[in-house]
Amino acid sequence: MAAAMDVDTPSATNSGASKKRFEVKKWNAVALWAWDIVVDNCAICRNHIMDLCIECQANQASATSEECTVAWGVCNHAFHFHCISRWLKTRQVCPLDNREWEFQKYGH
């Protein structure tokens, strides 16, 4: 994952009196990730796919809030699971291409 870092080691000639150039006292690593998809908004609620759907935003204050996960169809369109579940109660097709909906992946 991470490459090995080059470390300066004192040579034999400077071993006694050499000082370190610097010393790392603290290091706070920061990382960011994102889904590798072309469309990054849920076409149903219009929220960013990485953000909470409107249903989860409304229930955010309650202690029983679930994870807001992403659902992928075989057509490779992604929606919040809550949004597509609510959509599928009335129509069994993808909201974007009108093909019959079938789950390909579900979750993070």
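Quick reminder: no glycine exception, Cβ is built from N, Cα and C everywhere.
The shown structure was predicted, so the numbers you read here are calculated from the model rather than taken from an experiment.
Now, the feature entries from Swiss-Prot:
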type    : residues           : note
BINDING : C42, C45, H80      : Zn(2+) 1 binding site
BINDING : C53, C56, C68, H82 : Zn(2+) 2 binding site
ZN_FING : 53-98              : zinc finger
BINDING : C75, H77, C94, D97 : Zn(2+) 3 binding site
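Feature map: annotations from Swiss-Prot on the structure.
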residue: C42; record: Zn(2+) 1 binding site; contacts (Cβ under 8 Å, 6+ apart): H48, I49, C53, A78, F79, H80, C83
residue: C45; record: Zn(2+) 1 binding site; contacts (Cβ under 8 Å, 6+ apart): C53, I54, E55, H80, C83
residue: C68; record: Zn(2+) 2 binding site; contacts (Cβ under 8 Å, 6+ apart): D51, L52, C53, C56, H80, F81, H82
residue: C75; record: Zn(2+) 3 binding site; contacts (Cβ under 8 Å, 6+ apart): C94, L96, D97, R99
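For the zinc finger (53-98), DSSP puts the residue distribution at 13 helix, 8 strand, 25 coil. Apart from the site residues C75, H77, C94, D97, the chain places the Cβ of G73, N76, P95, L96, N98, R99, W101 no farther than 8 Å from the centroid of the site's Cβ atoms, the recorded Zn(2+) 3 location. Shown in sequence order, N41, A43, I44, R46, N47, I49, C53, I54, F79, H82, C83 are the same-chain residues outside C42, C45, H80 whose Cβ sits within 8 Å of the Cβ centre of the Zn(2+) 1 site. Highest Cβ count within 10 Å among the binding-site residues C56, H77, H80, C94: H80.
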